[in-house]
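Taking it in order: structure first as structure tokens, then the write-up.
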Amino acid sequence: MARAMAAAWPLLLVALLVLSWPPPGTGDVVVQAPTQVPGFLGDSVTLPCYLQVPNMEVTHVSQLTWARHGESGSMAVFHQTQGPSYSESKRLEFVAARLGAELRNASLRMFGLRVEDEGNYTCLFVTFPQGSRSVDIWLRVLAKPQNTAEVQKVQLTGEPVPMARCVSTGGRPPAQITWHSDLGGMPNTSQVPGFLSGTVTVTSLWILVPSSQVDGKNVTCKVEHESFEKPQLLTVNLTVYYPPEVSISGYDNNWYLGQNEATLTCDARSNPEPTGYNWSTTMGPLPPFAVAQGAQLLIRPVDKPINTTLICNVTNALGARQAELTVQVKEGPPSEHSGISRNAIIFLVLGILVFLILLGIGIYFYWSKCSREVLWHCHLCPSSTEHASASANGHVSYSAVSRENSSSQDPQTEGTR
């Protein structure tokens, strides 16, 4: 009998292969599933898998099977009469397959996703009369990283040092970190294994030469990862500790004796903030009429002893710095003319020019009129000259003498008394 069974096995295998071949004229029966499914480490994930059967097509599904590439045996099977069976019953579950129902949905849920679960899986439908249909799905296991950024507080060193730190912890795959800044600088990025197996922690340092100019400025850490819908931006406010930088303001180079008051301000920029201001002169203490009020020096009134070099010394936790200002007091207040504004001077000059132009026009018309009157009188004068003669009765009589004749004859004058 055993020999009979052994002889029957080849015939049985041929029969099974024949049953698995689709008969001629049957429509396309296909399995639908995404090529890749992402899942997060420690969470559950569903591998979708559906059988699409054309209308009016008679298809009988006898079994659903899931297998992983590179491993022998099946990880999950659902038989039409025997129900489900799993290689890990606590981690695997068919989502929709039920006894007594049509087996069209082979979707499989996996719980407690592990790094080693990443790989290629095959979903297979055993159908009749079409035969077996399958599709491959790649399961991508991700770990969403936690991101932080913090400032590295530094002092003036004159050398490049880390001034900001950005960390992306426990990512799978490793996160990508970049920096954005207008201050220059360069990144230094490193990776170490994360707390969970298969994860990576990425640390990036922003390196720059510290100075007072970058204190309080911002740099941005940009973190990109497959699990993010958009990059995460983390802003870091830089901190540089430095001693005071001091200057004195308020002197306009126009102080004079007897001026009611004047004020100077000691401008200091430092980190940490200044803790003290001290005013003095190069000759020693301040004169009595100069009163220090913190960052300000009130001078009331302005007198000759203030005609010196003033010193403001500022202190903070890192040291002390000072600034000097030389004051020269004038004998008297500015003249009134010095107070005339530029606009007033411009209007005054324009007024004088207009007056001179009008005066010139008036003189021109006056002389023009006089010249015309002189010419008119000359036109009325006769061409002959009159000569006076005395009459017999003692009266003087005049006779006209031609100018032409007067040139050849001497004038004759008669007179009787």
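Please read every residue number as a count from 1 along the shown chain.
Cβ from N, Cα, C; glycine included.
Note that the coordinates shown come from a computational prediction; the quantities given were computed from them, not determined experimentally.
Sequence annotations record features per position, and here Swiss-Prot assigns topological domain 'Extracellular' to 21-343 based on sequence analysis.
According to Swiss-Prot, the feature domain 'Ig-like V-type' maps to 24-139. Mean pLDDT, taken over the domain 'Ig-like V-type' (24-139), works out to 92 on the 0 to 100 scale.
As annotated by Swiss-Prot, disulfide bond applies to C49-C123 (among others). Within 10 Å of the C-beta atom of C49 (disulfide bond) sit 25 other C-beta atoms, taking all shown protein chains into account.
Swiss-Prot lists 145-237 with the feature domain 'Ig-like C2-type 1'.
Summarising the annotation, Swiss-Prot assigns disulfide bond to C166-C221 (among others) and lists sequence analysis as the type of evidence. Contacts of C166 (disulfide bond) defined by a Cβ separation under 8 A and a same-chain sequence distance of 6+ are given as N147, T148, A149, I177, W179, T203, S204, L205, W206, C221, V223, L234, V236, in order along the sequence. In three-state terms derived from DSSP, C166 (disulfide bond) belongs to an extended strand segment.
Annotation source Swiss-Prot lists domain 'Ig-like C2-type 2' at 244-328.
Summarising the annotation, Swiss-Prot assigns disulfide bond to C266-C312 (among others). Taking Cβ-Cβ distances under 8 Å and a sequence gap of 6 or more within the same chain, the neighbours of C312 (disulfide bond) are V246, I248, L264, C266, Y277, N278, W279, L297, Q322, A323, L325.
Here Swiss-Prot flags 344-367 as transmembrane segment, drawing on sequence analysis.
What Swiss-Prot lists as motif 'ITIM motif' is 396-401.
For the domain 'Ig-like C2-type 2' (244-328), the DSSP-based tally of helix, strand and coil residues reads 3 helix, 48 strand, 34 coil.
Neighbour density for C266 (disulfide bond): within 10 A of its CB lie 27 other CB atoms from the protein chains shown.
For the recorded site, C221 (disulfide bond), the DSSP three-state label reads strand.
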